[in-house]
Amino acid sequence: MGEKIKNLPEELRPRERLLRHGPESLNPAELLAVLLGSGTPQENALELALRLLTTFGGLKGLIEVHPEQLKSFKGIGQAKAAKLLAALELARRYYELTGENKLNFLNPDDVYNYLRYKIGHKKQEQVVVLYLNTKNQLCGENIVAIGGVNHAGVSPGDIFREAVKIGAYAVIIAHNHPSGDPTPSKEDIDFTGRVKKASEILGIKLLDHIILGENKYISMKAERLF
């Protein structure tokens, strides 16, 4: 049975150290322990945090973990899982907010850098549409499918419905490949071709279809695949 954190010397307690010296003084396990708040009868919060990080392969693995895996992890439960998921989502939204101040999508790198923290790590394919104004600035975005373009029933209508509603000038499609390989599949190419035809009919430009892999991406526009 692990020693309770409250019985540790004050200089070893993560919460007290955070308040006294700032969050940058804590390692990932200690920061995680502060979020957890408490442990189990068998282990304290710090030991539980270390087990979480070890099991899921560090911070990167923890960010990528499916919510159901987290909720079913021994010692976590619904309340602790909710705290962790909320903290991870706040971090993602921070990246969104800081990125939106600079978001003129002038090249594929801009799209990749914006979306890599949103969908690049997901274990399931997610199809995202970015809606742009005439200056190529973000005016909206939408996740139109989870599961991928080849088996989630995504249609060109799903891509352009919101674009028409908000008066978008152009759209960029993006989706991730959980395998880490961003090479477009035949389904990706066929789907993009259908969307391109619909864009010409509607008068809304399709600027690109970006496929995100593990720390890399492919621009279907740059590859002249549509």
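Backbone N, Cα and C atoms are what each Cβ position is placed from, and that goes for glycine too.
According to Swiss-Prot:
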- 104-226: domain 'MPN' (DOMAIN)
- HIS175, HIS177, ASP188: Zn(2+) binding site (BINDING)
- 175-188: motif 'JAMM motif' (MOTIF)
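Ranking the binding-site residues HIS175, ASP188 by how many other Cβ atoms lie within 10 angstroms of each Cβ puts ASP188 at the bottom. For the recorded site, HIS177 (Zn(2+) binding site), the DSSP three-state label reads coil.
Sequence-distant contacts of the motif 'JAMM motif' (175-188) (same chain, at least 6 residues past either end, Cβ-Cβ under 8 Å): 119-128, 148-150, 209, 211-214, 216-218, 220, 223, 225. Under the DSSP three-state reduction, ASP188 (Zn(2+) binding site) is assigned to helix. Each residue of the domain 'MPN' (104-226) gets a DSSP state, and the totals for helix, strand and coil are 36 helix, 36 strand, 51 coil.
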